[in-house]
Amino acid sequence: AAGLVGLGAGSVRAETLEPNGWEEITSYNNFYEFGTDKDDPARYADRLTISPWTVKIDGMVDKPGDYSFDQIMSAMTVEERIYRFRCVEAWSMVIPWNGFELADLLNMAGVQAGAKYVAFETLLRPEEMPGVRYPIIEWPYVEGLRLDEAMHPLTIMATGIYGKPIPKQNGAPMRLVVPWKYGYKSIKSIVRISLVDKQPPTAWNKYSDREYGFYSNVNPNVDHPRWSQATERKVGSGLFAKKVPTLMFNGYEAEVASLYAGMDLAKYH
Amino acid sequence: MTLTDQANALLRRVPVWLVYIVCMAGAPWLFWLGVSGGLGPEPVKGLERELGELALKFLVAGLAVTPLRRFLGLNLMRFRRAIGLVTFFYVCCHLLVWLVLDVQLLAQIWADIVKRPYITVGMAAFVLLVPLAVTSNNRSVRRLGPAWRRLHRLVYPAAILGGVHYLMLAKGFRIEPLVYLALIAGLLLLRLPFPRLLGSSSRVGGDSGVGRG
(Lines of atoms letter the chains of each structure in order from A and count residues from 1; the text may use other names and numbers.)
(Lines give C-alpha, C1' and ligand atoms only; values in the text may rest on other atoms or scores of the structure.)
Protein backbone atom coordinates (compact mmCIF):
# COMPACT_ATOMS: atom_id res chain seq x y z
CA ALA A 1 0.00 0.00 0.00
CA ALA A 2 1.09 3.57 -0.52
CA GLY A 3 2.62 5.18 2.52
CA LEU A 4 -0.02 7.11 4.35
CA VAL A 5 2.18 10.14 4.67
CA GLY A 6 -0.18 12.89 5.62
CA LEU A 7 -3.45 10.97 5.44
CA GLY A 8 -4.33 12.38 2.04
CA ALA A 9 -6.75 15.21 1.59
CA GLY A 10 -6.26 16.94 4.93
CA SER A 11 -2.56 17.41 4.38
CA VAL A 12 -1.24 20.61 2.86
CA ARG A 13 2.27 19.32 2.38
CA ALA A 14 3.06 17.60 -0.86
CA GLU A 15 6.47 16.50 0.38
CA THR A 16 7.35 12.86 0.23
CA LEU A 17 9.14 11.47 3.22
CA GLU A 18 12.45 9.77 2.62
CA PRO A 19 12.65 6.85 5.07
CA ASN A 20 15.80 6.19 7.05
CA GLY A 21 17.68 3.03 6.20
CA TRP A 22 17.09 -0.30 7.91
CA GLU A 23 20.48 -0.12 9.60
CA GLU A 24 19.76 3.29 11.14
CA ILE A 25 16.27 2.35 12.28
CA THR A 26 17.45 -0.87 13.92
CA SER A 27 20.74 0.29 15.48
CA TYR A 28 19.80 3.60 17.11
CA ASN A 29 17.12 2.85 19.67
CA ASN A 30 15.83 3.82 23.07
CA PHE A 31 14.58 0.67 24.77
CA TYR A 32 15.88 1.07 28.31
CA GLU A 33 14.85 -2.45 29.29
CA PHE A 34 17.96 -3.49 27.34
CA GLY A 35 20.25 -0.65 28.44
CA THR A 36 20.50 3.10 28.12
CA ASP A 37 23.02 3.40 25.28
CA LYS A 38 21.56 3.80 21.82
CA ASP A 39 23.18 0.56 20.62
CA ASP A 40 22.29 -1.48 23.72
CA PRO A 41 18.89 -2.62 22.38
CA ALA A 42 20.42 -3.87 19.13
CA ARG A 43 23.11 -5.62 21.18
CA TYR A 44 20.98 -7.26 23.86
CA ALA A 45 17.41 -7.56 22.61
CA ASP A 46 18.10 -10.80 20.73
CA ARG A 47 17.60 -12.70 24.00
CA LEU A 48 13.97 -11.60 24.14
CA THR A 49 11.49 -14.44 23.62
CA ILE A 50 8.68 -13.17 21.40
CA SER A 51 7.02 -16.46 20.57
CA PRO A 52 4.68 -17.35 22.10
CA TRP A 53 3.33 -13.85 22.79
CA THR A 54 0.09 -12.97 24.49
CA VAL A 55 -1.58 -9.61 24.90
CA LYS A 56 -4.03 -9.28 27.76
CA ILE A 57 -6.88 -6.98 26.83
CA ASP A 58 -8.94 -6.10 29.86
CA GLY A 59 -10.84 -3.41 31.68
CA MET A 60 -13.92 -1.86 30.11
CA VAL A 61 -14.21 -4.14 27.09
CA ASP A 62 -16.90 -6.58 25.99
CA LYS A 63 -14.47 -9.38 25.26
CA PRO A 64 -11.62 -9.28 27.79
CA GLY A 65 -9.03 -12.01 27.59
CA ASP A 66 -5.58 -13.18 26.64
CA TYR A 67 -5.17 -12.79 22.91
CA SER A 68 -2.28 -14.58 21.24
CA PHE A 69 -0.22 -12.60 18.75
CA ASP A 70 -1.29 -14.97 15.93
CA GLN A 71 -4.93 -14.61 16.90
CA ILE A 72 -4.65 -10.83 16.69
CA MET A 73 -2.76 -10.88 13.39
CA SER A 74 -5.29 -13.17 11.76
CA ALA A 75 -8.01 -10.61 12.48
CA MET A 76 -6.13 -7.47 11.46
CA THR A 77 -5.29 -5.88 8.12
CA VAL A 78 -1.65 -4.88 7.93
CA GLU A 79 -0.65 -1.91 5.79
CA GLU A 80 2.39 0.30 5.38
CA ARG A 81 2.57 3.69 7.09
CA ILE A 82 5.54 5.95 6.48
CA TYR A 83 5.68 8.22 9.52
CA ARG A 84 7.96 10.80 10.98
CA PHE A 85 9.30 9.71 14.36
CA ARG A 86 10.38 12.47 16.75
CA CYS A 87 12.18 11.60 19.97
CA VAL A 88 11.89 13.89 22.98
CA GLU A 89 15.71 14.01 22.85
CA ALA A 90 15.39 16.15 19.68
CA TRP A 91 16.39 13.60 17.08
CA SER A 92 14.11 12.27 14.39
CA MET A 93 13.75 9.57 11.77
CA VAL A 94 11.30 8.57 9.07
CA ILE A 95 10.19 4.98 9.48
CA PRO A 96 8.19 2.78 7.09
CA TRP A 97 6.10 0.83 9.57
CA ASN A 98 3.84 -2.08 8.82
CA GLY A 99 0.91 -2.40 11.14
CA PHE A 100 -2.79 -2.09 11.74
CA GLU A 101 -4.92 0.63 13.23
CA LEU A 102 -5.23 0.40 16.98
CA ALA A 103 -8.92 1.22 16.58
CA ASP A 104 -9.44 -2.10 14.79
CA LEU A 105 -7.94 -4.02 17.69
CA LEU A 106 -9.93 -2.07 20.27
CA ASN A 107 -13.12 -2.60 18.28
CA MET A 108 -12.36 -6.30 18.15
CA ALA A 109 -12.35 -6.36 21.95
CA GLY A 110 -15.42 -4.09 22.07
CA VAL A 111 -14.91 -0.79 23.89
CA GLN A 112 -17.57 -0.19 26.51
CA ALA A 113 -19.36 3.12 26.88
CA GLY A 114 -17.64 4.35 30.05
CA ALA A 115 -14.08 3.86 28.79
CA LYS A 116 -12.14 7.13 28.43
CA TYR A 117 -8.48 6.09 28.30
CA VAL A 118 -6.33 3.22 27.10
CA ALA A 119 -3.45 1.99 29.25
CA PHE A 120 -0.56 -0.02 27.81
CA GLU A 121 2.13 -2.10 29.46
CA THR A 122 5.47 -3.41 28.20
CA LEU A 123 6.73 -6.89 29.01
CA LEU A 124 8.82 -7.07 32.18
CA ARG A 125 11.03 -10.15 32.09
CA PRO A 126 14.25 -9.48 34.04
CA GLU A 127 16.01 -12.66 32.90
CA GLU A 128 15.85 -11.42 29.31
CA MET A 129 16.15 -7.68 29.97
CA PRO A 130 19.50 -6.60 31.41
CA GLY A 131 18.42 -2.96 31.71
CA VAL A 132 15.69 -3.54 34.29
CA ARG A 133 18.30 -4.39 36.93
CA TYR A 134 18.62 -0.64 37.35
CA PRO A 135 15.75 1.58 38.52
CA ILE A 136 16.24 3.99 35.59
CA ILE A 137 12.48 4.44 35.64
CA GLU A 138 9.82 2.39 37.37
CA TRP A 139 9.31 -0.96 35.65
CA PRO A 140 7.28 -2.17 33.89
CA TYR A 141 7.11 0.60 31.30
CA VAL A 142 3.55 1.87 31.05
CA GLU A 143 1.90 4.32 28.70
CA GLY A 144 -1.53 5.72 28.03
CA LEU A 145 -3.69 7.54 25.52
CA ARG A 146 -7.00 9.28 25.67
CA LEU A 147 -9.58 7.07 23.93
CA ASP A 148 -10.03 9.49 21.00
CA GLU A 149 -6.25 9.54 20.48
CA ALA A 150 -6.18 5.75 20.57
CA MET A 151 -9.02 5.51 18.07
CA HIS A 152 -7.49 8.05 15.69
CA PRO A 153 -6.73 6.54 12.27
CA LEU A 154 -3.07 7.66 12.47
CA THR A 155 -2.53 5.58 15.63
CA ILE A 156 -1.24 2.14 14.76
CA MET A 157 0.11 -1.02 16.25
CA ALA A 158 3.31 -1.68 14.35
CA THR A 159 4.33 -5.25 13.68
CA GLY A 160 6.87 -4.68 10.93
CA ILE A 161 9.40 -2.33 9.34
CA TYR A 162 10.25 -2.37 5.63
CA GLY A 163 7.91 -5.32 5.21
CA LYS A 164 9.87 -7.48 7.64
CA PRO A 165 8.77 -8.52 11.13
CA ILE A 166 9.62 -5.72 13.54
CA PRO A 167 13.04 -6.33 15.11
CA LYS A 168 13.20 -6.97 18.84
CA GLN A 169 15.10 -3.74 19.51
CA ASN A 170 12.23 -1.82 17.89
CA GLY A 171 9.59 -3.42 20.11
CA ALA A 172 8.73 -6.84 18.74
CA PRO A 173 6.34 -8.34 18.23
CA MET A 174 3.92 -5.46 18.56
CA ARG A 175 4.32 -1.82 19.54
CA LEU A 176 2.31 1.33 19.52
CA VAL A 177 3.10 4.15 17.06
CA VAL A 178 1.54 7.56 17.67
CA PRO A 179 3.35 9.73 15.13
CA TRP A 180 2.34 13.15 16.49
CA LYS A 181 3.69 12.43 19.98
CA TYR A 182 7.23 12.12 21.30
CA GLY A 183 8.66 8.67 20.73
CA TYR A 184 8.40 7.46 24.31
CA LYS A 185 4.61 7.43 24.00
CA SER A 186 4.97 4.73 21.34
CA ILE A 187 5.37 1.92 23.87
CA LYS A 188 7.15 -1.24 22.79
CA SER A 189 6.64 -5.00 23.19
CA ILE A 190 3.12 -4.65 24.56
CA VAL A 191 1.68 -7.36 26.82
CA ARG A 192 -1.36 -5.59 28.19
CA ILE A 193 -3.97 -3.13 26.96
CA SER A 194 -6.57 -1.91 29.43
CA LEU A 195 -9.61 0.26 28.76
CA VAL A 196 -10.11 2.50 31.77
CA ASP A 197 -12.14 5.52 32.83
CA LYS A 198 -9.31 7.48 34.49
CA GLN A 199 -6.08 8.86 33.09
CA PRO A 200 -3.58 6.03 33.58
CA PRO A 201 -0.05 6.54 34.96
CA THR A 202 2.68 6.75 32.31
CA ALA A 203 6.33 5.80 32.78
CA TRP A 204 8.19 9.04 32.10
CA ASN A 205 5.46 11.17 33.62
CA LYS A 206 5.88 9.24 36.88
CA TYR A 207 9.62 9.92 36.73
CA SER A 208 9.13 13.67 36.22
CA ASP A 209 5.77 15.20 35.45
CA ARG A 210 7.41 18.58 34.93
CA GLU A 211 9.51 17.21 32.08
CA TYR A 212 7.20 14.62 30.57
CA GLY A 213 3.51 15.38 30.37
CA PHE A 214 0.74 12.86 29.81
CA TYR A 215 0.00 14.19 26.33
CA SER A 216 3.58 14.65 25.09
CA ASN A 217 2.46 16.00 21.75
CA VAL A 218 5.37 17.14 19.60
CA ASN A 219 5.36 20.90 20.02
CA PRO A 220 8.22 23.18 18.91
CA ASN A 221 6.84 25.99 21.08
CA VAL A 222 6.96 24.15 24.39
CA ASP A 223 10.51 23.35 25.44
CA HIS A 224 11.53 20.44 27.54
CA PRO A 225 12.82 22.09 30.75
CA ARG A 226 16.35 20.97 29.89
CA TRP A 227 16.49 21.54 26.16
CA SER A 228 14.74 23.27 23.29
CA GLN A 229 12.21 21.39 21.18
CA ALA A 230 12.23 23.98 18.40
CA THR A 231 14.58 22.02 16.15
CA GLU A 232 15.62 18.44 15.61
CA ARG A 233 18.53 16.48 14.21
CA LYS A 234 17.72 14.00 11.47
CA VAL A 235 19.38 10.70 12.29
CA GLY A 236 21.71 9.65 9.51
CA SER A 237 22.50 13.15 8.30
CA GLY A 238 26.01 13.09 9.71
CA LEU A 239 28.25 15.07 12.00
CA PHE A 240 27.89 18.43 10.25
CA ALA A 241 24.20 18.41 9.35
CA LYS A 242 22.10 21.45 10.10
CA LYS A 243 19.24 20.89 12.46
CA VAL A 244 15.79 21.27 10.98
CA PRO A 245 12.73 22.99 12.47
CA THR A 246 10.37 20.72 14.38
CA LEU A 247 6.80 20.78 13.08
CA MET A 248 3.73 21.25 15.24
CA PHE A 249 2.29 17.82 16.08
CA ASN A 250 5.31 16.47 14.21
CA GLY A 251 3.76 17.53 10.91
CA TYR A 252 0.36 15.92 11.58
CA GLU A 253 -1.35 19.13 12.68
CA ALA A 254 -4.02 18.96 10.00
CA GLU A 255 -5.03 15.49 11.12
CA VAL A 256 -4.88 15.76 14.91
CA ALA A 257 -5.07 19.41 16.04
CA SER A 258 -8.86 19.12 16.44
CA LEU A 259 -8.34 16.54 19.20
CA TYR A 260 -6.94 19.32 21.36
CA ALA A 261 -9.18 22.23 20.40
CA GLY A 262 -9.33 24.77 23.20
CA MET A 263 -6.67 23.04 25.30
CA ASP A 264 -3.70 24.92 26.72
CA LEU A 265 -0.93 22.88 25.13
CA ALA A 266 1.73 24.33 27.42
CA LYS A 267 -0.20 23.28 30.50
CA TYR A 268 -1.24 19.94 29.04
CA HIS A 269 2.17 19.25 27.53
CA MET B 1 63.10 -1.79 45.84
CA THR B 2 59.37 -1.77 46.57
CA LEU B 3 56.72 -1.93 43.92
CA THR B 4 56.08 1.79 44.37
CA ASP B 5 59.75 2.59 43.91
CA GLN B 6 59.81 0.53 40.74
CA ALA B 7 56.71 2.31 39.45
CA ASN B 8 58.19 5.70 40.28
CA ALA B 9 61.46 4.79 38.56
CA LEU B 10 59.54 3.74 35.49
CA LEU B 11 57.42 6.91 35.55
CA ARG B 12 60.54 9.08 35.69
CA ARG B 13 61.54 7.71 32.31
CA VAL B 14 58.24 8.64 30.64
CA PRO B 15 58.62 11.97 28.82
CA VAL B 16 55.86 14.45 29.56
CA TRP B 17 55.31 15.30 25.90
CA LEU B 18 54.38 11.66 25.32
CA VAL B 19 51.65 11.98 27.96
CA TYR B 20 50.24 15.00 26.13
CA ILE B 21 50.19 13.21 22.78
CA VAL B 22 48.75 9.93 24.03
CA CYS B 23 46.10 11.56 26.19
CA MET B 24 44.94 14.09 23.61
CA ALA B 25 44.80 11.50 20.81
CA GLY B 26 41.31 10.59 21.99
CA ALA B 27 39.87 13.76 20.45
CA PRO B 28 40.95 13.26 16.81
CA TRP B 29 40.16 9.55 17.14
CA LEU B 30 36.60 10.27 18.31
CA PHE B 31 36.20 12.91 15.65
CA TRP B 32 37.29 10.41 13.01
CA LEU B 33 34.81 7.86 14.40
CA GLY B 34 32.08 10.48 14.20
CA VAL B 35 32.86 11.31 10.57
CA SER B 36 33.25 7.68 9.49
CA GLY B 37 30.11 6.32 11.16
CA GLY B 38 31.88 4.67 14.09
CA LEU B 39 29.71 6.55 16.57
CA GLY B 40 26.48 5.32 15.03
CA PRO B 41 23.95 7.01 12.78
CA GLU B 42 23.63 10.08 15.03
CA PRO B 43 27.22 10.96 15.94
CA VAL B 44 26.86 14.47 17.42
CA LYS B 45 25.42 13.50 20.79
CA GLY B 46 27.78 10.56 21.04
CA LEU B 47 30.82 12.71 20.28
CA GLU B 48 29.67 15.35 22.75
CA ARG B 49 29.17 12.78 25.49
CA GLU B 50 32.42 10.92 24.90
CA LEU B 51 34.43 14.17 25.01
CA GLY B 52 32.63 15.25 28.18
CA GLU B 53 33.28 11.91 29.84
CA LEU B 54 36.95 12.04 28.86
CA ALA B 55 37.17 15.49 30.45
CA LEU B 56 35.68 14.08 33.64
CA LYS B 57 38.06 11.11 33.57
CA PHE B 58 41.13 13.35 33.31
CA LEU B 59 39.66 15.66 35.95
CA VAL B 60 39.41 12.68 38.30
CA ALA B 61 42.94 11.59 37.34
CA GLY B 62 44.26 15.08 38.10
CA LEU B 63 42.55 15.11 41.48
CA ALA B 64 44.03 11.69 42.23
CA VAL B 65 47.66 12.80 41.82
CA THR B 66 48.06 14.26 45.29
CA PRO B 67 46.27 11.47 47.21
CA LEU B 68 48.19 8.85 45.25
CA ARG B 69 51.45 10.38 46.34
CA ARG B 70 50.33 11.01 49.87
CA PHE B 71 48.79 7.65 50.58
CA LEU B 72 50.58 5.28 48.21
CA GLY B 73 53.83 7.11 47.54
CA LEU B 74 53.17 6.98 43.82
CA ASN B 75 54.64 10.08 42.25
CA LEU B 76 52.78 11.48 39.25
CA MET B 77 53.59 15.10 40.02
CA ARG B 78 55.58 15.51 36.81
CA PHE B 79 52.44 14.79 34.82
CA ARG B 80 49.98 16.81 36.83
CA ARG B 81 50.15 19.90 34.65
CA ALA B 82 49.75 17.73 31.56
CA ILE B 83 46.74 15.97 33.08
CA GLY B 84 45.20 19.33 33.98
CA LEU B 85 45.73 20.81 30.53
CA VAL B 86 44.43 17.66 28.84
CA THR B 87 41.33 17.97 31.00
CA PHE B 88 40.88 21.54 29.82
CA PHE B 89 41.50 20.45 26.22
CA TYR B 90 38.64 17.93 26.43
CA VAL B 91 36.37 20.44 28.15
CA CYS B 92 37.03 22.83 25.23
CA CYS B 93 36.38 20.10 22.64
CA HIS B 94 33.17 19.14 24.44
CA LEU B 95 32.07 22.78 24.54
CA LEU B 96 32.97 23.33 20.87
CA VAL B 97 30.99 20.30 19.73
CA TRP B 98 28.04 21.55 21.74
CA LEU B 99 28.30 25.08 20.28
CA VAL B 100 29.10 24.32 16.66
CA LEU B 101 27.62 20.89 15.93
CA ASP B 102 24.86 20.51 18.51
CA VAL B 103 23.08 23.79 19.27
CA GLN B 104 24.32 25.61 16.15
CA LEU B 105 22.21 28.74 16.60
CA LEU B 106 23.92 31.64 18.33
CA ALA B 107 20.72 32.98 19.84
CA GLN B 108 19.85 29.60 21.27
CA ILE B 109 23.29 29.11 22.76
CA TRP B 110 22.88 32.08 25.09
CA ALA B 111 19.28 31.12 25.87
CA ASP B 112 20.45 27.63 26.82
CA ILE B 113 23.22 28.94 29.06
CA VAL B 114 20.86 31.08 31.12
CA LYS B 115 17.72 28.93 30.88
CA ARG B 116 18.98 25.38 31.32
CA PRO B 117 20.47 24.81 34.76
CA TYR B 118 22.65 21.89 33.70
CA ILE B 119 24.23 24.04 31.00
CA THR B 120 24.66 26.95 33.41
CA VAL B 121 26.45 24.58 35.77
CA GLY B 122 28.64 23.17 32.99
CA MET B 123 29.54 26.65 31.78
CA ALA B 124 30.39 27.70 35.32
CA ALA B 125 32.81 24.78 35.56
CA PHE B 126 34.39 25.82 32.27
CA VAL B 127 34.76 29.44 33.38
CA LEU B 128 36.46 28.31 36.61
CA LEU B 129 38.95 26.25 34.62
CA VAL B 130 39.98 29.05 32.25
CA PRO B 131 42.29 30.93 34.70
CA LEU B 132 43.85 27.62 35.70
CA ALA B 133 44.69 26.78 32.10
CA VAL B 134 46.03 30.29 31.50
CA THR B 135 48.35 30.11 34.51
CA SER B 136 49.59 26.58 33.80
CA ASN B 137 53.12 27.69 32.98
CA ASN B 138 56.29 28.15 35.01
CA ARG B 139 56.25 31.91 34.64
CA SER B 140 52.80 32.17 36.25
CA VAL B 141 53.83 29.84 39.05
CA ARG B 142 56.83 32.07 39.80
CA ARG B 143 54.97 35.34 39.42
CA LEU B 144 51.92 34.41 41.47
CA GLY B 145 53.85 32.68 44.25
CA PRO B 146 51.54 31.36 46.98
CA ALA B 147 48.56 32.88 45.20
CA TRP B 148 49.05 30.31 42.44
CA ARG B 149 48.20 27.48 44.81
CA ARG B 150 45.16 29.28 46.11
CA LEU B 151 44.01 30.06 42.58
CA HIS B 152 44.35 26.46 41.50
CA ARG B 153 42.06 25.31 44.26
CA LEU B 154 39.35 26.48 41.87
CA VAL B 155 39.65 23.01 40.40
CA TYR B 156 37.71 21.68 43.41
CA PRO B 157 34.47 23.61 42.78
CA ALA B 158 34.97 23.07 39.04
CA ALA B 159 35.17 19.31 39.57
CA ILE B 160 32.01 19.26 41.65
CA LEU B 161 30.18 21.38 39.08
CA GLY B 162 31.39 19.05 36.31
CA GLY B 163 30.07 16.01 38.13
CA VAL B 164 26.76 17.73 38.92
CA HIS B 165 26.48 18.82 35.27
CA TYR B 166 26.64 15.17 34.18
CA LEU B 167 24.15 14.09 36.83
CA MET B 168 21.69 16.82 35.84
CA LEU B 169 21.61 15.96 32.16
CA ALA B 170 20.92 12.26 32.65
CA LYS B 171 17.52 11.01 31.55
CA GLY B 172 16.19 8.66 34.19
CA PHE B 173 18.11 7.30 37.17
CA ARG B 174 21.67 6.61 35.98
CA ILE B 175 24.67 5.02 37.65
CA GLU B 176 27.56 6.58 35.68
CA PRO B 177 27.19 10.21 36.82
CA LEU B 178 26.88 9.03 40.40
CA VAL B 179 30.16 7.11 40.06
CA TYR B 180 31.95 10.22 38.81
CA LEU B 181 30.46 12.36 41.56
CA ALA B 182 31.42 9.80 44.18
CA LEU B 183 35.01 9.66 42.87
CA ILE B 184 35.26 13.45 42.84
CA ALA B 185 33.75 13.78 46.30
CA GLY B 186 36.01 11.02 47.64
CA LEU B 187 39.16 12.59 46.21
CA LEU B 188 38.21 15.97 47.64
CA LEU B 189 37.42 14.49 51.05
CA LEU B 190 40.90 12.94 51.13
CA ARG B 191 42.26 16.49 51.14
CA LEU B 192 40.52 17.36 54.38
CA PRO B 193 42.85 17.34 57.39
CA PHE B 194 41.29 14.30 59.05
CA PRO B 195 42.82 11.57 56.86
CA ARG B 196 46.20 12.56 58.28
CA LEU B 197 45.06 10.87 61.47
CA LEU B 198 44.86 7.57 59.65
CA GLY B 199 48.47 6.77 60.35
CA SER B 200 51.58 6.15 58.30
CA SER B 201 50.89 8.73 55.65
CA SER B 202 51.07 11.74 57.92
CA ARG B 203 54.79 12.17 57.31
CA VAL B 204 54.45 12.20 53.52
CA GLY B 205 51.54 14.62 53.73
CA GLY B 206 53.60 17.12 55.62
CA ASP B 207 56.20 17.88 53.01
CA SER B 208 55.91 20.87 50.76
CA GLY B 209 55.80 20.65 47.03
CA VAL B 210 55.31 23.58 44.76
CA GLY B 211 51.74 23.75 43.61
CA ARG B 212 50.48 20.83 45.62
CA GLY B 213 46.69 20.91 45.58
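Every residue gets a Cβ built from N, Cα and C, even glycine.
Note that TrEMBL annotation is computational and uncurated.
Sorting each residue of the domain 'Ferric oxidoreductase' (B:55-162) by its DSSP state yields 97 helix, 0 strand, 11 coil. Under the heading domain 'Ferric oxidoreductase', TrEMBL lists B:55-162.
What TrEMBL records for B:16-34 (among others) is transmembrane segment.
Within the chain, the transmembrane segment (B:54-72) has long-range Cβ neighbours (under 8 A, six or more residues past its boundaries) at 4, 23, 26-27, 79-80, 83-84, 86-87, 90-91, 93-94, 155, 158-159, 162-163, 166, 180, 183-184, 187-188, 190-191, 195, 201, 204-205, 212-213. The transmembrane segment annotation in TrEMBL covers B:54-72 (among others).
The transmembrane segment annotation in TrEMBL covers B:84-111 (among others).
Within the same chain, residues 84-85, 87-88, 91, 95, 140, 151-152, 154-155, 157-159, 161-162, 164-165, 168-169 sit at least 6 positions outside the transmembrane segment (B:117-134) and bring their C-beta atoms closer than 8 Å to a C-beta of that stretch. Among the features that TrEMBL reports, transmembrane segment is placed at B:117-134 (among others).
Feature annotation from TrEMBL assigns transmembrane segment to B:154-172 (among others). Cβ atoms under 8 Å from those of the transmembrane segment (B:154-172) belong to residues 52-53, 55-56, 59-60, 62-63, 84, 91, 117-118, 121-122, 124-125, 128-129, 131-132, 178, 180-181, 184-185, 187-188, 191, 213 of the same chain, restricted to positions at least 6 beyond its ends.
Per TrEMBL, the feature transmembrane segment maps to B:178-194 (among others).
Distant neighbours of the transmembrane segment (B:178-194): 56, 59-60, 63-64, 66-67, 70-71, 156, 159-160, 162-164, 166-167, 213; these residues of the same chain sit at least 6 beyond its ends, with a Cβ under 8 Å from one of its Cβ atoms. Within the same chain, residues 43-44, 46-47, 50-51, 54, 58, 78-79, 81-83, 85-86, 89-90, 93 sit at least 6 positions outside the transmembrane segment (B:16-34) and bring their C-beta atoms closer than 8 Å to a C-beta of that stretch.
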